[in-house]
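Accompanying notes for the structure given below.
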Amino acid sequence: MGTTTLAWNINNTAENGSYTEMFSCITKFNTLNFLTVIIAVVGLAGNGIVLWLLAFHLHRNAFSVYVLNLAGADFLYLFTQVVHSLECVLQLDNNSFYILLIVTMFAYLAGLCMIAAISAERCLSVMWPIWYHCQRPRHTSAIMCALVWVSSLLLSLVVGLGCGFLFSYYDYYFCITLNFITAAFLIVLSVVLSVSSLALLVKIVWGSHRIPVTRFFVTIALTVVVFIYFGMPFGICWFLLSRIMEFDSIFFNNVYEIIEFLSCVNSCANPIIYFLVGSIRQHRLRWQSLKLLLQRAMQDTPEEESGERGPSQRSGELETV
């Protein structure tokens, strides 16, 4: 009798401990998803404002075209995260899970390409200014953005088809090959982003001809730093998905939720960066319109030089795409 009671107590304690641990995991999971929804909604509002201002209220230059498309990619990415997190928290039917997966991949790749393109083009404009201003085709930014959207969509659809996300067809080795191709694509973009940003920094800080730091340089630098710390882990985790799930799916789910939250912080941070950079060195304590702040963040002329120019001259600088 005593042995039976002891065994029952041990089993009961083990079950209670397992239940407590499971309840704790569910609570953390729901809390993280709830925070993701809050951050994503804030980011949707911020990127929506940037889209609205750049599309309809500001003249666009070569770089603001990329910023406009980056805001579009961030908006799409955050929207998918809101839908996915709400489905998890409310325990809704997730029949759309794989569709959201493809759209998330599409938006993430497009956003990374836009940031890499901004950094690379800014580096070219500083390293070889004469060639850049004289030889650069007029509609390069628009063409590059179109290519980015198309290539990101095609790559996402091919991965979705090959890995069984869209249809029942699934080829393990083909899926792994696609994952390696996509990972290589990410590595190339990351190298372009890192090298161009580092070269730009070296040129500005240690170059023989000192180049003044503009608001737009600060905007690019902060955007790149935030992406490396908050956005890059999502890409690393995403394309290790098949390998991680083979070893420990629980570990992957926990890590993935955290990284998903960080990537939402990255997409939410970009509009905040624009408006904060636009408000730097404003001595007059008065409310500045978001349009004016965003225009200042896109300003690629030194502070002293831009202060001497009239409004018509400054707006003229923003018309070349």
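The backbone N, Cα and C atoms fix where each Cβ goes, glycine too.
These figures come from a predicted structure and were not determined experimentally.
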Membrane topology agreement for ASN61 and CYS134 per Swiss-Prot: yes
Contact set, same chain, for the transmembrane segment (34-54): CB under 8 Å, 6 or more residues outside the stretch: 60, 64, 67-68, 71-72, 74-75, 78-79, 81-82, 85-86, 89, 257, 260-261, 264-265, 267-272, 274, 290-291, 294
Interface check, the transmembrane segment (173-193) with the transmembrane segment (63-83), three or more C-beta pairs under 8 A: no
DSSP residue counts for the topological domain 'Extracellular' (168-172), split into helix, strand and coil: 1 helix, 0 strand, 4 coil
For the topological domain 'Extracellular' (168-172), sequence-distant contacts whose Cβ falls under 8 Å of one of its Cβ atoms, 6 or more beyond its ends: 161-162
Cβ contacts under 8 Å made by the transmembrane segment (216-236) with residues that lie 6+ beyond its boundaries: 63, 108, 111-112, 115, 118-119, 122, 186, 190, 193-194, 197, 200-201, 204, 259-260, 262-263, 265-267, 269-270, 273-274, 277, 280, 297-300
